[in-house]
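Visitor: Sharing the feature lines straight out of TrEMBL:
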- Lys2, Phe3, Gly4, Gly5, Thr216, Asp217, Arg227: ATP binding site (BINDING)
- Thr39, Glu117: substrate binding site (BINDING)
- 1-273: domain 'Aspartate/glutamate/uridylate kinase' (DOMAIN)
- 375-430: domain 'Aspartokinase ACT' (DOMAIN)
Amino acid sequence: MKFGGTSVGKPERMHQVKDLITRDNQKKIVVLSALSGTTNALVGIGEALADADKELAKKRIDLLHAHYLIFYKDLLKSDSARKKAEKIIAEHFEFLNIILKISFNEAINRDILAQGELLSTKLFYTLLQELDIPAVFLPALDFMSIDENHEPELKKISEKVKSILKNYPEESIFVTQGYICKNHRNEVDNLKRGGSDYSASLIGAAINAEVVEIWTDIDGMHNNDPRIVDQTRPIAQLSFDEAAELAYFGAKILHPASIWPAQQYNIPVKLLNTMEPDAIGTTITAKEQGTGVKALAAKDGITAIKIKSSRMLLAYGFLRKVFEVFEKYKTSIDMITTSEVAVSVTIDDLSHLKEIIRELEAYGSVEVDQNQTIISIVGNLIAESKGSVAQIMNCLTDYPVRMVSYGGSRHNVSLLVDAQYKNAALQSLNSGLFEW
Ligand code: ASP
Ligand code: MG
């Protein structure tokens, strides 16, 4: 059971989490994020230190500290629990204040970022102790690890976590941190922003859990972006492939990497709402159900690159050469469309755009369009349903579409539009593809 930042962000919410994990006696690992806002604040502290602005860093540390000094008093009642919390908070903020005095580097920055989950889990554990709820504190740094390519070491994680759990055959609640891990240098590291979902899914896979529950503040994955279109509804069931597509292309509720461990070990993932615990939410399993469009998601900040060359005509090996350029600069490609004399691809990481363009120019003329948005239309058997593509295109008669990718899988049609058309296109698709 993983609870996100907003689910632990207020003392009363933490109490709700306590209620949710004690609703039954099943054995569970509880994975917590940092309190909402904390990781952002820690990023800010790191940035100030990177700029050698110690005054600003100190201000930010004090501001965050003040937040915790109010939080624990509302969370805990007894003197002894409050004393414990005071000690925990003092320890972590002392650490941040010591960092002010030493020279800053990337490893220290990652130590800073880890403070959020350490604080949230320790405070939550203190609450359980205060209420005499038996539980085990399971430090993620004892078992979560990534290799030199930043990939989680699932086999090692599994061995370690299982051997720790063996020591507690009678206990049923284990509390651990999302997001944080050790890297191959044995330093504190993390699974990138939003990585607590990934932690939960890795742990689920590591222990072969019955289910991975991701508890957030919305009732499951919705069929469109509620911030943009006038109405949306939660989707009850998705396949792993559909969910991965949606998570990657913009549905903020789930970290996209968290699908593969669950998929590989065939563990259902449920997206549930802490505020409405009995709502059905979204269940993600291997099963492919229904036909037709289930949901839309959009991803901004996309750049399209077109490489046009008459040498592509009747040639083989051209695409390989093009892709090798992206591989060399570790830049992943999202969409691809081809014609006989040109190929268009999209990327979202612009760190090596200049070098990539320079190298591609050896193979043909290169055109770049920035500020594009991928709209991903996801569902089951879209490619096999009669008329589905016509229906999608009919919704887009008022907007130029730069690329269309269709047939790559049975679950998806992707469109590329200029960012200025995104909202209108999402709304038009929302009205045209779903029955309201
Ligand atoms: N606390 C981390 C973040 O804000 C990890 C997470 O919440 O998933 O990115
Ligand atoms: Mg999240």
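Glycine too: its Cβ is placed from the backbone N, Cα and C atoms.
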Visitor: So which of Gly5, Thr39, Thr216, Asp217, listed as binding-site residues, have a Cβ under 6 Å from an atom of ligand 1?
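Guide: Among the binding-site residues listed, those whose Cβ sits under 6 Å from ligand 1 are Gly5, Thr39.
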Visitor: Near ligand 2, which of the binding-site residues Gly4, Gly5, Thr39, Glu117, Thr216, Asp217 have CB less than 6 Å from any of its atoms?
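Guide: The ones that qualify, in sequence order, are Gly4.
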Visitor: At the Cα level, what's the spacing in Å between Thr216 (ATP binding site) and Thr39 (substrate binding site), rounded?
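Guide: That separation, Cα to Cα, works out to 16 Å.
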Visitor: Let's see if you can do this one: DSSP helix, strand and coil counts over the domain 'Aspartokinase ACT' (375-430), in that order.
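Guide: Split by secondary structure, the domain 'Aspartokinase ACT' (375-430) comes out as 22 helix, 17 strand, 17 coil.
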Visitor: If you measure every Cα to Cα pair among Lys2, Phe3, Gly4, Gly5, Thr216, Asp217, Arg227, the residues listed for ATP, what is the largest value in Å?
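Guide: Pairwise Cα check on Lys2, Phe3, Gly4, Gly5, Thr216, Asp217, Arg227 gives a maximum of 24 Å.
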Visitor: Using Cα coordinates, what distance in whole Å links Gly4 (ATP binding site) and Glu117 (substrate binding site)?
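Guide: Cα of Gly4 (ATP binding site) to Cα of Glu117 (substrate binding site) measures 10 Å after rounding.
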Visitor: When you put Thr39 (substrate binding site) at the centre and draw a 10 Å sphere around its Cα, which of the binding-site residues Lys2, Phe3, Gly5, Asp217, Arg227 have their Cα inside it?
Guide: Gly5
Visitor: Rounded to the nearest Å, what's the C-alpha distance separating Phe3 (ATP binding site) and Glu117 (substrate binding site)? Just drop the number here, would you?
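Guide: Just about 11 Å between their Cα atoms.
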Visitor: Take the C-alpha atoms of Glu117 (substrate binding site) and Asp217 (ATP binding site) and report the distance between them in angstrom, rounded.
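Guide: Pair distance, Cα basis, whole Å: 18 Å.
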Visitor: Just checking, which of Glu117, Asp217 (binding-site residues) has the fewest C-beta atoms within 10 Å of its C-beta?
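Guide: Candidates: the binding-site residues Glu117, Asp217. Fewest Cβ atoms within 10 Å: Asp217.
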Visitor: Would you identify the secondary structure of Thr216 (ATP binding site) according to DSSP, in three states?
Guide: strand
Visitor: Where does Arg227 (ATP binding site) sit in the DSSP three-state scheme?
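Guide: Where Arg227 (ATP binding site) sits, the three-state DSSP reduction gives coil.
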Visitor: Measure from the Cβ of Phe3 (ATP binding site) and count the other Cβ atoms within 10 Å, all protein chains considered.
Guide: 29
Visitor: List, in sequence order, the same-chain residues at least six positions removed whose CB sits under 8 Å from that of Lys2 (ATP binding site)?
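Guide: Result: Val30, Val31, Leu32, Ser33, Gly178, Ser196, Asp197, Ser199, Ala200, Val212, Glu213, Ile214, Trp215.
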Visitor: Let me know the DSSP-derived helix, strand or coil state of Gly5 (ATP binding site), please.
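Guide: In the DSSP reduction, Gly5 (ATP binding site) maps to helix.
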